[in-house]
């Protein structure tokens, strides 16, 4: 029976694992530059995404395992009657988490920074291999020093927080059961401190890119793109107008006549605009000739229906997170306990739905996996739409088949940060299910009769088995409460960005059929493959 239960939990994980590997490799190849493709970058970026996505995909398996341990009547199954057996099963999951976390740290602090600065130096110093490697190692040493500091802080900082005694204040009684018996070693605290520091960066990125992408993606699918025919007509009219202006200047100043500097600059600007519009005109013609565009009347209704479903799903996430945060505010004691306060007053729709689907295996696994996939997909959409900015300067943009090695490395690193933060985000979104799954326990009411109740954060009983991720998050957030407080505040920022993204997407016009060239972008893409227009 133990073998069958383990197979039922790990088989979906294996299937999802194959999909993750296929997606990571395909995504990296699709976005890299086609002409100057570097296979070392392909391998590193693919491995980075695979490690990050495996870390997120371990959560559904973690939840399913603890759900499998109990019967619907609240009793433990025969093969999990012994606490030692249950702990041994969860040890494998815990080892998986910490192994993947260690790999994420290695890729984020060592491998990806080295390759990123290696390609940065290649552009500045030409083909001198030794100088590129030395310069990249110097920059990577800075990341290594930062990592060492995090490890040292992780060893000592969590130890400064001592758990209250059993006869302490009543506020501790509210969360005592969630922490009791779940002590951790200094090695675990050190890894947790490093990974949760990364996840704060990831959570900030998640609030911006996922907050925008989760609402912008379904709205874009519903609204569709601009008319390609009208867009081509507008581009041709702009080309004709600029061509007339160029002819006027050249007629006014023939070859033998001296052109004033002001007119010369104006002529250069007009010629650059003409070049950008010419490329846009070529791109829109390619779009209109494509088979995909000609079949738009067939797939457009399905796109609208899918967009509406995703919009409803996005609104469900927004409402659930809003109610979860309001619950925490209603029962606020202090920031040390805020991470452990779940759905005590207001209902959490998505938490209720996923917990109910736990009765029908593997529906709950599929629903939770789809939730994670939606968060990851909308994060990628947000990154593609917004790009990477430093203050008001756009550092990188991501285009299919045209993304530079530094940009694709940056993209994979940002996705690692975001995916690492997803587990904490899911806990804030569905606190009950992410800790206990659909477990129940047998309770005795005042008149002596027994009833079957669902396991929640507010139940003090040894009949509920906590997930490994729930244990890691709750244990660490109590020891270093600052992290839990920051996550809670950033979750409000996610809601604000969601609303702003909704307003911006409704007010702005529909998306273009192509990723349009501008005069600034013309210089950025001079080294790209010009044979393939920039199609969106």
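FYI, residue positions are counted from 1 along the chain as it appears here.
Just so you know, glycine gets a Cβ as well, placed from its N, Cα and C.
Heads up, TrEMBL stuff is auto-annotated, nobody curated it.
As written in TrEMBL, here are the features:
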DOMAIN    1-116  domain 'G-protein coupled receptors family 1 profile'
TRANSMEM  6-27  transmembrane segment
TRANSMEM  39-59  transmembrane segment
TRANSMEM  95-119  transmembrane segment
TRANSMEM  139-161  transmembrane segment
TRANSMEM  191-219  transmembrane segment
COILED    225-287  coiled coil
TRANSMEM  297-323  transmembrane segment
TRANSMEM  365-395  transmembrane segment
TRANSMEM  407-430  transmembrane segment
TRANSMEM  480-504  transmembrane segment
Stretch contact, the transmembrane segment (39-59) with the transmembrane segment (480-504), Cβ-Cβ under 8 Å, 3+ pairs: no
Averaged pLDDT, computed only over the residues in the coiled coil (225-287): 79
Spatial neighbours of the transmembrane segment (95-119) far in sequence, C-beta under 8 Å, 6+ residues away: 38, 40-41, 44, 47-48, 51-52, 54-55, 58, 132-133, 135-137, 139-140, 143-144, 146-147, 188, 191-192, 194-195, 198, 404-406, 409-410, 412-413, 416-417, 420, 468-469, 472
Per-state residue totals over the domain 'G-protein coupled receptors family 1 profile' (1-116) - DSSP helix, strand, coil: 97 helix, 3 strand, 16 coil
Recorded stretch that, among 6-27, 191-219, 297-323, has the most CB pairs under 8 Å to the transmembrane segment (407-430): 191-219
Beyond the flanks of the transmembrane segment (191-219) by at least 6 residues, Cβ under 8 Å: 98, 101-102, 104-105, 108, 147, 150-151, 153-154, 157-158, 184, 307-311, 313-314, 317-318, 374-375, 377-383, 385-386, 414, 416-425, 472, 476, 480, 483, 486-487, 490-491, 493-498, 500-502, 504-506
